[in-house]
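Participant: Sharing a structure, written as structure tokens. Questions coming.
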Amino acid sequence: MLSAARPAPKSQSAWALAWRRFRKHRLAMSALVVVILLVLMAFLAPLLAPYDPTAQPTGGDLASFYFQGPSRAHWLGTDDLGRDVLSRIIYGSRISLLVGFTVALSAVVLGTILGTLAGYFSGRPLRFYLGPLAFAYEGWHPPLFALWRVISWVLFYAFLYFVARLSWILASDAVRAALGGSWTLSNAFSSLALLLVWALVALAAVWGLWGRLQLDLDIAISRLIDFMLTIPTLPLLLVLSALLRDPGVAVGRWAEALFGSAASVFIIITILVAFGWITIARLVRGVILSLREQEFTTAAQALGASEARVMFRHLVPNAIAPIIVQATLEVGNAILVEAALSFLGFGIQPPVATWGNMLTNAQEYIFSAPWLALAPGFMIFLTVLAFNYLGDGLRDALDPRSRL
Amino acid sequence: MRHLNKLAALWLIGAGLAFAGPQDNSLVVGTSQEPRVLMGDFLDVISNQAIKSEIQQYLFTPLIGFDANSQNTANLVTEVPTPANRRLRAIDIGGGKKRLEMDLTLKPGLKWSDGNEFTTDDIAFYYEVGKAKGMPVLNPDYWQRVRLTVKDKQNFTVTFEPAYYYDTYGSPISYAPAHLMREEWNKVKAAAAGLDPDKDAQRLNELYRGFFNKFSTPQFLNSGKYPSMGPFRISRWVPNSTLEMVRNPNFPIIPAGGADKYVQKVVYRFIQNTNSLLVAILGGSIDATSSVALTFDQGRSRQLTSRTPGRFDIWFVPGAIWEHIDINKFTNCQQVADLQLNDVRTRQALLYAMNREGLVKAFFDGLQPVANTWIAPVNPLSNQKVQTYPYDPNRAKQLLAELGWRPGPDGILQRTVGNRTVRFELEFVTTAGNAVRERTQQFFAENLKQVGIAVKINNAPSSVVFADDFIQRASECKWTGMFEFAWVSSLSEDGSLFQYRNLNTGAIFVPTKDNNYQGQNIGGWRNDQFDRLTSQGTIEFDEAERKDLFAQAQEIWAREVPALPLYFRSNPYVVRKGLVNYVASAYSGGFGYPGWNAWEIGWESRGAQKRWDQAKYALSTR
Amino acid sequence: MFAYTVRRLLQMVPLLFAASVVIYTLLALQPGDPLDQLRQANPRITAEQLEALKRAYGLDQPIYVRYFKWLGRAVQGDLGLSRDYGISAAQFIFQQRLPYTLLLSGLALLISLAVAIPVGIFSAVRQYSTADYAITTLAFMGYSMPVFFLGILLLFLFAVWIPDHLPFFPRFPTGGVPGLLWSDVRSGNVGFLAFIGQWAWHLALPVLALSVIQIATYTRFMRASLLEVLNQDFVRTARAKGLSERLVLYKHALRNALIPIVTLVGLAIPGVLGGAVITETIFSWPGMGRAIFDSLVAKDYNVAMAALAFLAFLTALFNLIADLMYAVVDPRIRYT
């Protein structure tokens, strides 16, 4: 009784209003039903699937079990190893949805945080570094900054040490050779470079005692985005897949332990998140930039709310509509990309069935068994379509300007 | 009118509806690979693609050819050196090793396609470039052993020291057009004079590559300046599309009935995607496929086979590509020790558990035979009377039980090592994206599950798994179980795939840190008897003796099964009816490509006479 | 504005430097090295010979030395030789691949815009009409189609299935470029129309495959953007003034609605020039995407580096242009 009365009546009606609007969007409603069915299918796969998705026929004339067309026993036929396509489709939904949801969720969380920070602090550079000998009004306030101030000294000097050490590691051979009398151009160049780097490090160390640095988070994050955009995905994928397969690398062992036979899922999710947050961060930044100029923000600030509270209790909830919309689109996008990666040989390992690797494999038999491509192709299509409609419906429903 | 015809013809070629075949006495070959460079790169410094070697058979006829029956034929020389004609001498040089001397005489009146005389100077030029300091050749072993002595414009002697039995297979040396390239080469030589192959290797490399590149790009070859010494010469190369070659009138070998009865123009069409290539064949615009064209499955696809009767023959040429699973036998790896992969009984059990017969029947209609050793049955050194491992899961279970394995609660075998319980879970690596391999892999995984062995698949794109720091590092446990891939073997078999040490050179072939991870015995097998037999076999010139040595080596190999032999691949060829002498065998021309006898390829309806029957060297789906 | 532009241009220098370092490091970290293939091709190669080859390709030096050597040459315009093709990497990328990509991806982009903009406008003006629903549905379907599925489907339909069943239906080419060059037209061997026809014939399917998704995306964007503008006050004012709907739409609303589209296209251009690896693979089209993919697989790192660095540069450049364009077209945004 009591709990029912607790939620603020206003917000309840706002969501109820959105829901009423959403229900009117017939296609979006059907999309929602499709998504729910898909999720159910993924959860109930062991109950729904008529066969084990990896079970192969044994004994007898094996070839006769392969590439069967649709029949009563196998509604969608059998694949190149006599496995039931329907069961594989049902189990495949697990990976596709796992990839889709995990990527969308992680990308949204990461993108929202970075986008909010960028938007909220745009044009208001933060104290980023304040040397130990630097005098500054409020130099130790708030306590959080005081803590960061000390940490930043450690980080700064550790970094300088790292640079100095690294340059020595890189140049030491050449320098030793040079001291040993072998003055080739490359040795001389390396020695000079080492001296230069060390001089710079020494200068930076002195500067660090008194120095102060302000950082506009917006610029930092925006340049980070620019930088991310210039990083090519393909070589990154190759490197990661080699790295994660190396038992000598901790991440590889960890991914292996956590995901078992589907460790490659981890690689794909990582890559998709690494590039997926960018869109959301840009979007959120834009929304926050305009929201922070509005009265309610100023009011909250005037009331003495902390920056974090203003950002995440007042601003982000008001930006939630475009974020949700973008998230649904991201789900569909991630599923598509997973399929495309399978096509390029970076997909999820067999025998785990995913729609992406089923479709890729079917391409091999497009002339002998074209129907094999239809089921996974259609499922990818249907899922992405459903999520797009869902996003569209949510956009209309959550947009206060749209008509009732 | 002539102009108009030309236009029409071009239009049709572009449209993929060209009147291929007998109508204009031409041949259109479809391939999925395009050569990067041709001709000028005569040492394969820039590229050693299969398609390059195949096409160059039309442009550079070897001095001594190697026909579909694996016999030497004198193409540009008067006769093949044999002990009988006293042109071939094997001289003992101690330590069981021999020096081989071959006297050769060029046919009289040979001419390049540009009319220049073809002499021993062209051979000497080839030799000089190959021997140049710091030349990044692909077969340094050959260049270290070969020596050339020119007597006069027609006579020369080639020497190998130490000699291997396969030095007498095919042409002992090649040639390059000195009259075209010598001048540029002298410039390169002058520029390279002051460079030290150790210190300035990169600079040298760039100089050399620049030299070859100058004479091998489509742009240069389209200028028509590079002469051919084969039955055809390049008339036009449109990158990413087609390569056209027309008959070389100066070619010395005249096929039966006159050259005009045979194909006058050969067009290679490049279609990278093999599915697209298949569609092009179905569309009728291609007369034959190259050695790099359709996949085995495409060759058997219903789309193709249902349309071919009366129009095309589909051939499956058994080749020497050996599909197998290597096994990590380095006991310093925990998994290897736990699973006792170094124990021969474990490997035998794995082999008994795997239904290879069922696989080749179900997947390949039996067109790719089960392998029993690493030497292909088409190789004369092959020994078919070795121990075999027919599918027998009960025998596998029995062997595993002998090794102490008992079924665990989940049906997977386990045993106790010290105080640990070990599950029989085996890593299985292969190249991701290779549909056939991934399919066989899953098939065998199911087989192994039946006897209680769990398989953990760990695939990656070929550039990842074939990288030096993966495939060569079994000793560091980068892969810990099975690794499926293929070796391409030629007739010159020397057993180095499974040697620990080559007794002739002293090289160690098991890749470990000690030898900088060199060698192809990647699983780390060691059998001194095997090393002795194969090393001796390589320098044995008596054929019967050699066969016996290799037969013994194969018996040891089959008993020990250091790797699990799966099957030998067959290469599918689609050839239009009526096209004759377009024939490939396992070793034709050295590599098993068609086109080794390019001058006699022709259409029966145009008067070409059939000399070679593909049916003798291949299986067919009918 | 000018100061802002200069500042951003200056910021691009460290950005590109960082990007090139990262790309170079990524390439250097790639599993295996260019000698793997040589090693596999020749079983009898010995450790010493391999060492010599390693030196010949400069692979014996540490990464940072290689990077600075590369950088030193790159700023002088020398991007090194392609190990695989034997020609200079720049020549390979800019002469042999970029034109094909421009043709395919550029054409697909133009066609997409030509279709998407009018359709999007129509859809927005007739919001919630049957036509709008139909267009939305089609757009979503196009957007949800995996490109390689679509590509294979098109190939199967237009090159195999339909020609098989309809005797007079022309069989579309299955990929690759036609064997006709511009030089053929110049030398008079082939007519101009035949030349264009051939290329169009070969481009039809890949352009179609590439366009579908872009049409879907741009249609949705155009519709959303125009609806946004139509809801704004100045449009209402214009309407209230009694201007004709046509004038309101084309004179006032459309101009503003096109702004985000222009930006979007600007941001898409580096992607266009980067090629479409999947479409290029399916249709055997020798474009940039395929070149990059192949160079990575073949470990032809000079080519990969040249192409990727070029794309990184384009991405940074067009990002900047897009930001500046915002300022130019939208007077509300001020950069200082």
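Backbone N, Cα and C atoms are what each Cβ position is placed from, and that goes for glycine too.
What TrEMBL says about a protein is an automatic prediction, not a curated fact.
These came from TrEMBL, pasted as-is:
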DOMAIN    C:98-322  domain 'ABC transmembrane type-1'
TRANSMEM  C:12-29  transmembrane segment
TRANSMEM  C:102-125  transmembrane segment
TRANSMEM  C:137-162  transmembrane segment
TRANSMEM  C:190-213  transmembrane segment
TRANSMEM  C:257-283  transmembrane segment
TRANSMEM  C:303-329  transmembrane segment
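Could you give the neighbours, burial and distances for every feature on this list?
Facilitator: Beyond the ends of the transmembrane segment (C:12-29), by six or more residues, the same chain brings 63, 66-67, 70-71, 301, 304-305, 308-309, 312-313, 316-317, 320 to within a C-beta distance below 8 angstroms of the stretch.
Residues 131-132, 135-136, 199, 203, 206-207, 210-211, 214-227, 230, 249, 254, 257-258, 261, 265, 268, 272-273, 275-276, 279-280, 285, 287 of the same chain lie 6+ residues outside the transmembrane segment (C:102-125) yet bring a C-beta within less than 8 angstroms of a C-beta in it.
For the transmembrane segment (C:190-213), the residues of the chain that approach it from at least six positions outside its boundaries are 103-105, 107-108, 111-112, 115, 142-143, 145, 147, 150-151, 154-155, 158-159, 172-173, 175-178, 180, 182, 184, 276, 279-280, 282-283, 285, judged by C-beta separation under 8 angstroms.
Same-chain neighbours of the transmembrane segment (C:257-283): 97-98, 101-102, 104-106, 109, 113, 117, 124, 147-148, 151-152, 155, 174-176, 205-206, 209-210, 218, 221-222, 225-226, 228-230, 289-293, 311, 314-315, 317-319, 321-322, 325-326, 329-330, counting only residues six or more beyond its ends whose CB sits under 8 Å from a CB of the stretch.
Below 8 angstroms of C-beta separation, residues 1, 4-5, 8-9, 12, 15-16, 19-20, 23-24, 27, 70, 74, 79-80, 82-85, 89-90, 92-93, 97, 259, 262-263, 266-267, 269-270, 273-274, 288, 291-292, 295-296, 335 of the same chain, each at least six residues beyond the ends of the transmembrane segment (C:303-329), sit close to that stretch.
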